[in-house]
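To start, the structure itself, in structure tokens.
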């Protein structure tokens, strides 16, 4: 009994120590990286929001209270232009991307011989970075479209695509859709394949036409995929940066400047890090709001289904 | 008989529609490729025509101008080390969080998942302060650490979902045989995670390879990656379309090859990654 106790105590201690060591080894490295790179800077952001801070002297921020916030809310038309641009862009890009992706997925779940090749082609633009795609399309809008316009006489190709705010807006939408539709298509295809064949067959035997099958059976059954795609496209479109920088650089004027680009320029071009951080925090709250709304909708749908 | 011929002609129509859409999707690549072979004056004359001769002069010049071998290797080094580091730390962390769901570990999981909604822009400016404070800027380990921090949430989350389905019995048998906890993980569990490891690697390779903003902020000129080199090139040689198109073609080739080789895994990985994420 006595000897058992004296042996048991160090053993328990050793087990305890081993648990601690394991926790440190398994969790430690990732946790440290996460804390240093994400958690601390994010926390610091709340402080820098209320300071005057510039890039030349990163260690020296001066507390200015609500100055930055007031300035953004009352005296920063360029930021609000960027905000509305981003909102409109997100709406257009999400709609067009998902409609096209859904149509492509319907096409590629038919019994086509070229299915595999087509899937590869539609997905291809997605693996190339937004910055490179932006430059490729810059050339196409500036030189390529003109050449097609001359050859065919079609007015669509003769526009100064990057020269007016309206067309620059749709120019970015086109490239965004081209880049993202293939990705969403893959998700839709996976969902459509997962729909039980006999359900569709039963509806067909009951005399439902194609449109009715699509609307009343297919769409409700792939709702989770639709939610995922809407969420991914919304979040990507709202945070767009690379493509914006390389394709239009925010131009003409500042008409096509996204929020992400506006924040970047406020800090790295105008050298106002404090103001940039304040905008970035506002940006965070917008993104969080969109995400939380989206998750809330998903959960609601899942309960209904 | 009649219905069959009707469906097959409908299928043919769909097939044609698909091919036309695919040609439209490939259009930009046509412009990119043909113009990389043309002389500047031919591009200005007609950007849609085929080149008169398929000369590789532009490629030779662009190769030197963007220092292609160097920036390519920089991209390879930064991407591969960051991805390997992410696989190691996120799989280990996920394993621990699944097998020891203590209060702390549950909280950690929640925080990491919640952090996925933080946009990069909301972290980047204070991060510049941190990277200069810890002397991470301009160092390879600095950018690797950054990618570890930004990437761990999604990677760990993907592993977490997968490890939950790995049966405990195999591990218990190994423990009885005298295997240490670390041995159990690396020799028994980690090999079982191969499918999700492939997904994690592919998603991270595509992200890091194409990433522009983080490297701009934290690396120095000696470590310039492909996207940065292209951006710099465009700043200097705007409207020198012949070189620009060749440089863009060169820069696009590696990731396209990566995609074509691993296509099946990439598409599976994206389906898996998005359904969970």
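Numbers here mean position along the shown chain, with the first residue as 1.
Glycine residues also receive a Cβ, built from the backbone N, Cα and C atoms like all the rest.
Per TrEMBL, the features are as follows:
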{"type": "DOMAIN", "residues": "A:83-294", "note": "domain 'ABC transmembrane type-1'"}
{"type": "TRANSMEM", "residues": "A:20-48", "note": "transmembrane segment"}
{"type": "TRANSMEM", "residues": "A:82-108", "note": "transmembrane segment"}
{"type": "TRANSMEM", "residues": "A:120-140", "note": "transmembrane segment"}
{"type": "TRANSMEM", "residues": "A:168-195", "note": "transmembrane segment"}
{"type": "TRANSMEM", "residues": "A:216-238", "note": "transmembrane segment"}
{"type": "TRANSMEM", "residues": "A:280-297", "note": "transmembrane segment"}
Inset, instruction - Report the listed stretch (A:20-48, A:82-108, A:120-140, A:216-238, A:280-297) having the maximum count of Cβ pairs within less than 8 Å of the transmembrane segment (A:168-195). - result: A:82-108
Legend entry - the transmembrane segment (A:82-108) versus listed stretches A:20-48, A:216-238, A:280-297: most Cβ pairs under 8 Å: A:216-238
Legend entry - Long-range Cβ neighbours of the transmembrane segment (A:120-140) (under 8 Å; 6 or more residues past either end): 104, 108, 162, 171, 174-175, 178-183, 185-186, 240-247
